[in-house]
2 protein chains.
Amino acid sequence: MYDFREWKHIFKLDPNKEIKDEALEQICESGTDAIMIGGTDGVTLEKVINLMARVRRYPLPCVLEISTIDSITPGFDLYFIPSVLNSSSRDWILGQHHLAVKEFGHWINWQEMIVEGYCILNENSKVAQLTNAMTKLDAEDVAAYAQMAEKMFHLPILYIEYSGTYGNPEIVKSAKNHLENTILFYGGGIDSVAKACEMANYADVVVVGNVIYENISEALKTVQAVKATVGND
Amino acid sequence: MYDFREWKHIFKLDPNKEIKDEALEQICESGTDAIMIGGTDGVTLEKVINLMARVRRYPLPCVLEISTIDSITPGFDLYFIPSVLNSSSRDWILGQHHLAVKEFGHWINWQEMIVEGYCILNENSKVAQLTNAMTKLDAEDVAAYAQMAEKMFHLPILYIEYSGTYGNPEIVKSAKNHLENTILFYGGGIDSVAKACEMANYADVVVVGNVIYENISEALKTVQAVKATVGND
């Protein structure tokens with residue numbers, strides 16, 4: 001089984017966005033550690049299966065980040081399950097998870113399920129609005145979530161998500177300084193090598209998404225840039 | 001350090017209730033595995049410290065079950081932190097915890113902190129009303145919470161709490177059948193040896209509370225009754 005703890009760079013593909021075969025090939029053969037499929041809007045089972053099948057032509061880990069119960073399908077190497085720690089609604093912390101486990105619990109291979117403690121920090125993002133995230137957090141707030149993720153809930157991943165905008169490196173650094181075992185993911189606004197390198201100084205894993213669809217040549221460059229960065233590890 | 005995983009029986013003392021020295025001595029010398037101090041109403045720092053000091057005269061583990069930030073004090077062997085999985089409010093799942101960790105995180109010895117995933121099932125109890133618990137749960141609902149407690153959040157304890165009333169053994173059994181590593185606590189309405197024995201068949205740990213104040217001789221008998229019961233272990 002693939003070990004996400006060894007990863008440094010992930011490309012995140014949105015099932016609701018079009019990507020041509022040539023671009024997909026470049027992404028999958030870029031040297032990135034994994035492809036994560038996930039999005040906020042318009043994620044349907046058909047779109048997820050279609051994109052998975054296209055990615056599966058390439059020999060790298062393929063992860064589904066679960067956003068709706070309806071779009072879960074077998075065939076991925078791992079399933080990442082967000083638990084939005086700074087949501088104001090129980091639904092996004094553990095409520096929808098409860099419904100899913102009640103219905104599908106006996107089918108679940110828990111070895112493949114990885115819970116991500118999410119902190120969503122861009123108040124204008126769709127995901128912040130969808131999850132009613134309380135985004136006005138300072139470095140101490142995020143540090144407290146980091147401690148809770150690791151010490152209280154023993155989550156394997158803390159995911160700092162600035163979805164669509166570039167985040168505050170001091171906040172990412174503060175989270176990293178409070179983690180020992182939990183792996184820190186950073187995502188949001190990585191549209192250049194410089195930004196990828198800066199966040200790679202603090203986060204264990206840098207997730208690159210939107211720039212794939214906007215500037216693929218810059219997206220591809222982030223792979224080696226992140227891997228060449230010596231972070232806090 | 002004491003290991004709660006080896007315990008079978010706990011007496012829970014309410015800081016807001018009076019207990020005479022003689023009764024306290026009987027409770028502490030009963031052979032119970034630990035004293036847990038905790039309650040819902042009128043828990044003040046002064047009452048907690050006073051009761052802790054009296055219990056500390058006896059050589060058994062003394063645990064504070066944290067109900068309000070204001071009543072936390074050093075001096076206990078362990079601190080149990082409830083996370084109410086079936087609360088409709090984020091405050092009782094992880095919200096108050098976030099405030100506490102933000103303020104006191106740097107003081108916390110995480111080795112002493114044990115998170116309890118709570119399922120509160122008596123809709124008429126004060127604690128259900130305080131935490132806005134969604135108590136109308138069947139055995140499958142509770143089984144799903146058990147799986148989430150163990151597999152998603154890696155909680156050391158799942159606490160099925162019928163606070164003030166005797167619960168449904170089938171629900172406790174269902175939870176137990178879905179747990180491997182997480183320790184199952186049962187509390188609520190244990191006012192006789194027969195009830196203590198019945199729940200000890202399924203729960204790893206039986207918590208005895210109110211009957212201490214209502215019928216101490218019956219309370220004392222639950223200790224050996226629980227310990228003599230061969231449960232699912």
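A Cβ is built for glycine as well, from the same backbone N, Cα and C atoms used for every other residue.
The sn-glycerol 1-phosphate binding site annotation in TrEMBL covers A:LYS12, A:TYR159, A:ILE160, A:GLU161, A:TYR162, A:SER163, A:GLY164, A:GLY189, A:GLY209, A:ASN210. For A:ILE160 (sn-glycerol 1-phosphate binding site), other Cβ atoms within 10 Å of its Cβ number 28.
Within 10 Å of the Cβ of A:ASP14 (Mg(2+) binding site) there are 20 other Cβ atoms, across all protein chains. Feature annotation from TrEMBL assigns Mg(2+) binding site to A:ASP14, A:THR40.
Cα of A:ILE160 (sn-glycerol 1-phosphate binding site) to Cα of A:ASP14 (Mg(2+) binding site): a span of 18 Å.
Under the three-state DSSP scheme, A:LYS12 (sn-glycerol 1-phosphate binding site) falls in the strand class.
Fewest Cβ neighbours within 10 Å among the binding-site residues A:GLY164, A:GLY209: this applies to A:GLY164. Across the fold, the C-alpha of A:GLY164 (sn-glycerol 1-phosphate binding site) and the C-alpha of A:THR40 (Mg(2+) binding site) stand 12 Å from each other. In the structure as shown, the Cβ atom of A:LYS12 (sn-glycerol 1-phosphate binding site) sits within 10 Å of 18 other Cβ atoms. Around the Cβ of A:TYR162 (sn-glycerol 1-phosphate binding site), 23 further Cβ atoms fall within 10 Å across all displayed protein chains. In the shown protein chains, 18 other C-beta atoms lie within 10 A of the C-beta of A:THR40 (Mg(2+) binding site). A:THR40 (Mg(2+) binding site) sits 12 Å from A:LYS12 (sn-glycerol 1-phosphate binding site), taking the Cα positions as reference.
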